[in-house]
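Going by TrEMBL, these are the annotated features:
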ACT_SITE  SER187  active site
ACT_SITE  HIS214  active site
ACT_SITE  ASP307  active site
DOMAIN    7-125  domain 'Response regulatory'
DOMAIN    175-365  domain 'CheB-type methylesterase'
MOD_RES   ASP58  4-aspartylphosphate
Amino acid sequence: MPAPPIRVFLVEDSPIALTILKRILGSSADLEIVGTASNGVDALAAIPGARPDIVCTDFHMPRMGGLELTRRLMEDYPRPILVISASVQEEDTSNVFQILEAGALEVFPKPRTGLSSEYEKNKLDLIHKVKLLAGIKVFTQRKALAPESALPGRSTTAASLPPLKATDSPFIALDIRAPRILAIGASTGGPQALQVLLGALPASFPVPIVCVQHISEGFLPGLVSWLNQSCALTVQVAQAGTVPQAGYIYLAPDHYHLVIDAQGHFQLSNQLPSSGHRPSVTVLFNSVAAYYRRSAVGVLLTGMGNDGAVGLQTLAQAGSYTIAQDEESCVVFGMPREAIALGAAKEVLPVQNIAPVLLNRIFRSAGPR
């Protein structure tokens, strides 16, 4: 017997945008639109009776916008929430990411009519995203992403962390006395995980941090601004030709692979996507492994697909220390699962435990580099 369709509730104040969303999502036999509203007030009244599996909401709406709607839903009627919004003005970019803090799972660009090929791609991407996020238990995920220090009876000291989950892979013996860079990859659920991990690192963190986060076009500046509000380190987009410096977190720009060249400089590449992504986590990890060898630490966070799994394996085989986020704290346990299956992760940890491990075990004796 086929599974019942996924029940979708749409919150959108633009009649044109609502028509496009209904046309896109209604084209899938696996999705059923069970209600619509033009603002958060009407949505709150209608959603309990509609019993949706997922709520898709705009950001700016009259009477009650997407941020307040998300906060109220997570308190009274927790459901997976996908924010579907146009690229916002510069003064609003970081505000969009406050919805992720409130409990939404991801931000997706509002589909537009235009080139048929672009529309078809956006259509398929949106349908896939809704199907993926609809099955996530959001109330569990929000608790899992809370720092352990905020939970009763829990400590973030290294002594309280789970034991090392070693693999049987033939890794080079690890020398963690002199790590020189931290490389991170993330996709779906990554902004929230990055906020937890990076926000726990002090301004004195001794090595540069380089990161690939899969994110929809137009939202990277907002991610940078949002992370800068909660990080002691400076977050910025990586620039070609520069050398990674301690005190900074570098994010890969839109549309380009970010790599470390043979001289240790950032370079941007427009080579073909890897695992469907550009920038790609695996492309970054491979270049870090080639230049830093055993003097790197690699972390693979939540995300769908397999990008980063082979790259984490390459880092591990070069002698670098590797960590994968565990299933319980992942929004989507895809990329870490693939890495663990390859034996690429030296350790598997909840996201809130990763920073304590980095600070108390791996970088404890390291000075600035």
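Just so it is clear, glycine is given a Cβ too, placed from its N, Cα and C backbone atoms.
Bear in mind that TrEMBL entries carry predicted annotations, made automatically and left uncurated.
Positions of TrEMBL features highlighted on the structure.
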residue	record	Cβ neighbours (10 Å)
ASP58	4-aspartylphosphate	24
SER187	active site	25
HIS214	active site	22
ASP307	active site	29
Problem set entry | Closest of ASP58, SER187, ASP307 to HIS214 (active site), Cα positions, recorded positions only | SER187
